[in-house]
Structure formats: C-alpha cells, structure tokens
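Student: According to TrEMBL, the protein carries these features:
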type   : residues : note
DOMAIN : 9-47     : domain 'Beta/gamma crystallin 'Greek key''
DOMAIN : 48-90    : domain 'Beta/gamma crystallin 'Greek key''
DOMAIN : 137-179  : domain 'Beta/gamma crystallin 'Greek key''
Amino acid sequence: MSTTDMSMGKIIFYEERNFQGRSHECMSDCADMSSYLSRSQSCRVESGCFMVYDRNNYMGNQFFMRRGEYSDYMSMMGMRESIKSCRMIPMHRGQFRMKIYEKENFGGQSHEMMEDCDNIQERYRMSDCQSCNVMDGHWLMYEQGQFRGKMMYMRPGEYRNFREMGMSGQRFMSMKRITDMC
C-alpha cells in the first residue's frame, strides 16, 4: 500500500481579486500558467495543499496554500508578482524522515529529523543548513526560526546544494512536516 495519495488536490486561480475574471482549475502540477491566464490575483483551494511560485517552472519565491479562499493573496502574503506555476503536494501518511547537513554536499554536522523543528540553532547547535536528504514525507523549510520567512518545499530526494537551487544567500533555520492537516 502506498503512503502517498496523489488524488487529493484542487485549486482554482482567478485573474482578478475576489474570484473575478477568467479562471483556471488545477488538479496537478502546472509549470507555466501564462498559457491559461495573463495574471492571477486570487485563488480558492478546494482540497489538498499546494505550493505556488512567482516564476515559471517552480522557481522563485514559494508560498504554501492549504484549503481555503485567498481573495487577494498578493497583499495577504506579501507577494510582489502573480503566481506563475503551482505544484500539488501529495498527502503523505506514515513516518517523516529528513537528514539535514550544515554544509553543501552533505558535509559538516548532520542530524536526522522525524518531527518539526522550530529552530535548528537552539535544538542542534547548527548555525546553518546547506543540504539535506528527505527520506520520507514532504517538508517545508523556513529561513527563520518559528516557521517564519521565505520557505522552500522539499519532497523526497537528495538536495546537495541549496545555492544551486536558486536559494543563494538564504539560510534555513526551521523545518515543518506537511501533514494531512491541509
């Protein structure tokens, strides 16, 4: 039995604030929304969780959206640009495991995590996290402690160098599991 459910997710994007204008419905990943809408200023997440990005191909600033209505997400979330791509986050049931490393290419101090961590500096005495290996589950990494600041979505896989992923100059200080609480 699979521990990941790919069938749960639906988000509707609207060109104008307050769910007005043309709309586009997504139930899976969409790397380039410009072929469907010229811009997007509001959205409604009917089910599941999504990461939305202010650049095509899942690049740029990332924002986590769970079930709910976002009538003017640009001002609500401090976004400067319209959403250009989105990725559905599959619901994971089972354990969560991620190993974080102080330096790129899995170097320096490391710690295996199975729970949320609100501050790696306080808990593990790590001043930085530059690479990780996500073994189980889906995670959000935040640039500040207490799950604040810019975030990055991490799905299972090896991430050898955050700088090469377009996260130059960004540190990650807290990590949170994406659970079925969406």
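Backbone N, Cα and C atoms are what each Cβ position is placed from, and that goes for glycine too.
Because TrEMBL annotations are produced automatically, they should be read as predictions rather than curated entries.
Owing to the predicted nature of the structure, the values given are computational and were not obtained by experimental measurement.
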Student: Six or more residues beyond either end and a Cβ under 8 Å away: which residues meet both conditions relative to the domain 'Beta/gamma crystallin 'Greek key'' (9-47)?
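Tutor: Residues 56-58, 65-74, 82-90 contact the domain 'Beta/gamma crystallin 'Greek key'' (9-47) from elsewhere in the chain.
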Student: Could you tell me how many residues in the domain 'Beta/gamma crystallin 'Greek key'' (137-179) are helical, how many are strand and how many are coil under DSSP?
Tutor: 6 helix, 20 strand, 17 coil
Student: Under DSSP, the domain 'Beta/gamma crystallin 'Greek key'' (48-90) has how many residues in helix, strand and coil?
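Tutor: Once the DSSP states are binned, the domain 'Beta/gamma crystallin 'Greek key'' (48-90) shows 4 helix, 22 strand, 17 coil.
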